[in-house]
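All remarks here apply to the structure that follows.
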Amino acid sequence: MGNILCQKDVSPAPGSRKGVEKRNTVLKKVRSLMEERRRRFSTAQQINPDTLKVIKKAANRLESIADTKEEPDNKEQVYERKHSIQQTVTSKLGSLALFKDEDEDDISTAGGGASFISAYTTPGPKERATCAKKKANLGVMFGVYLPTIQHILGVTMFIRLFWVVGVAGVWHTMLLLFLCCTCTLLTCISLSAVATNGVVEGGGAYFMISRNLGAEFGSAVGILFYLANTVATSMYLVGGVEVFLLYIYPSLTIGGEEVHSDTGMLGMMSNNYRIYGTLLLLIECVIVALGVRFVQLLAPVSLLCVILSIMACFAGGIEKAITYNGQHVCMLEDHLLSSRVLNIPHHEDIANICDYCKKGDHIADEFCEGNATTEVCQTYTGGNLRCVNAFPGFNSLILTQNMDSVYLQAGQAILRERVADKAREVYQDVTTSFFLLLAIYFPAVTGIMTGANMSGDLKDPQRSIPSGTVAATLTTSFIYVALAILFGASIIGPVLRDKNGKSLDGSLVVASLSWPSPWVVIVGSFLSTFGAALQCLCSAPRLLQSIAKDNVIPMLSPFARVTKNNEPFLGLLITTFIAELAILLGAVDAIAEVLDFFFLMCYAFVNLICALHSLMGAPNWRPRFKYYHWSLSLAGAFLCFFIMFASCWYYALIACALTGTIYKYVEWKGAKQEWGDGLRGLALTTAQYSLMKVEDKDPHPKNWRPQLLILVDGKYSKEMIDLRSLNLLNLAGQLKAGKGLAITVAFVRCPATRGMHAENRKKAEEIKERVQQDMTQARLRGFGKALLYTETQIEGAVSALYQSIGIGGLRPNTVFLNFPRMGENQDQHTEQMIFAEQLCCGAQNDNCMVVVKGITDFPRPNDRLRGYLDIWWIVQDGGILMLIAYLLQQHKVWKGCKMRVYVISQTEEQNEEIKHALQRHIYMLRIDANVFIVNMIDPDSVDDDAVQKTLNMEQRTRTLLKGVWTFGIAVRRTTGYSLVYRSFSSDIRHVPFDSSRRAESNGTTLQARRCLWAEI
């Protein structure tokens, strides 16, 4: 290949004298090739100048590298030494690529380490493709600032802010706005840091969260953000219906204007909201299905209407303070009367209300006849009926009167007084509190993600998103505070608490304040709701498509498809259906309470992302936005959760439960994605901190637990299943009730030739993947590894494994391995040699050795056993057999089994003494087990040939294994007990037990013995 520095270029034949000259031109050749093909070195692949000098010396003056104190005998020896050293160096470097093409992104090719660093710091092909797309080149003003303001300033500002001021008072309203605006401002700061730390693609907040917190949290919060946009559509539509039926065309109300106050869950007005809201939703669904062009055209119109409406409110406050011609209302003492009881003719303007707010027959009939009670009549006859200017304009006295809060119960009109006369007075339709108002108004400050969602159309997202989003948040916060003060200083308290304008003949309170005409606010608020609903209904299906396109939630895969016009039609249908379910709630306030938690959960995770990366100090955390701090992000996350639980704790729990459910579903069923998320970095940082706290020495006996190293054969393939290895993993998995470490290592034999290295690594990766799959099948949580070795590296590979496995105080102390197969072929001989090395190295490393023999049948994780766990206590083993049996008993497979301990006794006289001592020992260990004594047969009855054969076998064992002793354990099903002593040969010596004990043996036996392995 043209980009490979081959060995023949730098290492000619030893006999070639011209080779020295050829070596001197190697660097020139490489440099000319680079210039000719216009290639470049990546930053990570550049060679240090000192390294170049060393290479040059290796080519021309090898004496400077081969430091020797002895003077060579002749020039031929000097040349041979030069060539030998150079050949050794180039044989190591001969297959490394010095440079590569700019569009080459495969980090698994030659030069993998440098390529990895390059890929770590350079945008990949997907990011480059995104950047290469044609952009709209929008700036800060039209790309972020104005769209964000349009999304934040909505109908809630016109139909609920004045009511919040009237109920909560100016002081509490300022506190409420401070909480809401501080929450969004802190989230904006965190959002700016996250959004400027790389390329933000389609999906906005979902993309940022998923690429920073992982697929699980990203999908969970992405679904919540999608639901937030969907439910926001419903809230805007129901708010628009409220404006339309109450203030534009009241005559279209089904049931007449008399049902306007019937706003309960099953009330007639709520049914009007459901019916008209559904009709508007279907109209908007058709518009969005036709394309986004019309939606984009409505955006500036909607924003213009909102700005004009706000200006009209301030103008009205100033105008009424000057002219004193504000709208009046009729009050009986401190009770605000509905304009309906005044019997004002329909053709009469409400501005003339004072002409009818007088005691007379037309009012007396309402209070003292019909269904009126005596108490109501007395209140009227003895009370002061007066006409009051409800809109005096900017007035310090009115502001002072409205400073305090007036939280009322449902059906109450005045604080600390009786239930209101609902037929004649203005009353509250809900029980109010500070946190209820907080939940109702918080949706008015959402919409800060608009700039991040438009990153693909921005000329400079790194500059536009932070400045535009923060500026829009500060601007809207100032507008809200100014409007709250305006309403508190320009409108009297009772009228501020008149949510539906019943004292104003059904007029919108804010519209009555505005100048030059109330229709400026009414029409502007309605158009703003219609445009905002279109925006949400247009963006929600695209967000769902982004989630489905990532393929992390299999059940959402159908929603990744789009039409030929690139419209997510299926996503639009499901979004419309969910929005309809929210409309059925039947009230803006009820929908707003649900909407809060979706947005707050999303904002909380954006803050957590920024705090997480800031605290970890990850190398790739380099946001261009510098005005952030982890403490601000944590404060923002805390504030989000505080508002959630303070507003409605059970809704908050439902939102958290929904997030957790989606998280676990993606973790269980979702496709695995590697996005370089921050949770992996957090896990690594936490693990490092924990390991540093654990001392690197043997633990106290109280803290000892099996840390397993499972050694399996490397003869794996995707088609072949090794039952011995799989059952060994099942055994290890069922011992993990101790919650210890588990590392499975598969030994992979490979040829010694260097040209096979890439193929060997590929084979090792396949085996490692299969080991991890088998561990998952056995429900064994741990790590799977593949160890490459050659025929001559068995001893070194095993020794290096035992010495280097683990880290710090977390290292294996118990080794699990299979008994080798007996035979004379090469594979079986290699298996026996590896087994012998594993035993020897394990003993030298002071590991507990667990040897499993004949484990072709073992319970699976779904099995449930009944019977006994039998322990054959033949030698003093430090309690490991008892611990293994106890840990097995903790697993659900063995939970139904009882434990029995069998002890071998030489004579019957010792039976009671041994049994009593062992029972006491087991009692001290806090383990429930029955003890049985088994007597050995008379040694004199054993045949002399068997004794001699056993002695010979022991002698050979000592010679071959140099006196290494180890513990072994065999697990097998049996119908009769016998103690098996077996060497590598086929010789078996059966030691029969007392026949009285055989009838009791009907369970699974754990046979443990101290073994001498021989005849290898």
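Including glycine, each Cβ sits where the backbone N, Cα and C put it.
Per TrEMBL, the feature region 'Disordered' maps to 1-22.
Per TrEMBL, the feature transmembrane segment maps to 138-163 (among others).
Taken from TrEMBL, the feature domain 'Amino acid permease/ SLC12A' applies to 144-318 (among others).
TrEMBL lists 175-200 (among others) with the feature transmembrane segment. For the transmembrane segment (175-200), the list of distant contacts is 123, 127, 130-131, 164, 168, 207-208, 211-212, 434, 437-438, 441-442, 444-446, 448-449, 452, 455, 461-462, 465-466, 469-470, 473-474, 476-477, 480-481, 484, 600, 603, 606-607, 609-611, 613-614, 620-625, 627-628, 632-633, 635-636, 639-640, 643: same-chain residues at least six beyond its ends, Cβ to Cβ under 8 Å.
Residues or ranges marked as transmembrane segment in TrEMBL: 234-252 (among others).
Within its own chain, the transmembrane segment (273-292) has Cβ neighbours under 8 Å at 233-234, 237-238, 240-242, 244-245, 254, 530, 533-534, 537-538, 541, 565, 567, 569, 572, 576, 579-580, 583-584, 586-587, counting only residues six or more beyond its boundaries. Summarising the annotation, TrEMBL assigns transmembrane segment to 273-292 (among others).
Per TrEMBL, the feature transmembrane segment maps to 298-318 (among others).
Positions annotated as domain 'Amino acid permease/ SLC12A' by TrEMBL: 431-709 (among others).
Among residues of the same chain six or more beyond the transmembrane segment (434-454), those with a C-beta under 8 A of the stretch's C-beta atoms are 138, 143-145, 147-148, 150-152, 154, 156-157, 160-161, 164, 167-168, 172, 175-176, 179-181, 183-184, 187-188, 191, 195, 200, 204-205, 208, 225, 228, 232, 235, 405, 407, 464-465, 468-469, 472-473, 476-477, 480, 539, 589, 592-593, 595-596, 599-600, 602, 643, 646-648. What TrEMBL lists as transmembrane segment is 434-454 (among others).
Sequence-remote contacts of a segment are chain residues at least 6 beyond its ends whose Cβ falls under 8 Å from one of its Cβ atoms, and for the transmembrane segment (474-496) they are 145, 149, 152-153, 157, 161-167, 169-170, 173-174, 177, 181, 184-185, 310, 313-314, 316-317, 320-321, 329, 331, 334, 336, 388-396, 398-399, 401-403, 406, 426, 444-445, 503-504, 509-510, 513. According to TrEMBL, the feature transmembrane segment maps to 474-496 (among others).
Positions annotated as transmembrane segment by TrEMBL: 569-591 (among others).
The transmembrane segment annotation in TrEMBL covers 597-615 (among others).
According to TrEMBL, the feature transmembrane segment maps to 627-652 (among others).
Model confidence over the domain 'SLC12A transporter C-terminal' (835-934) is summarised by a mean pLDDT of 84. For 835-934, the entry in TrEMBL reads domain 'SLC12A transporter C-terminal'.
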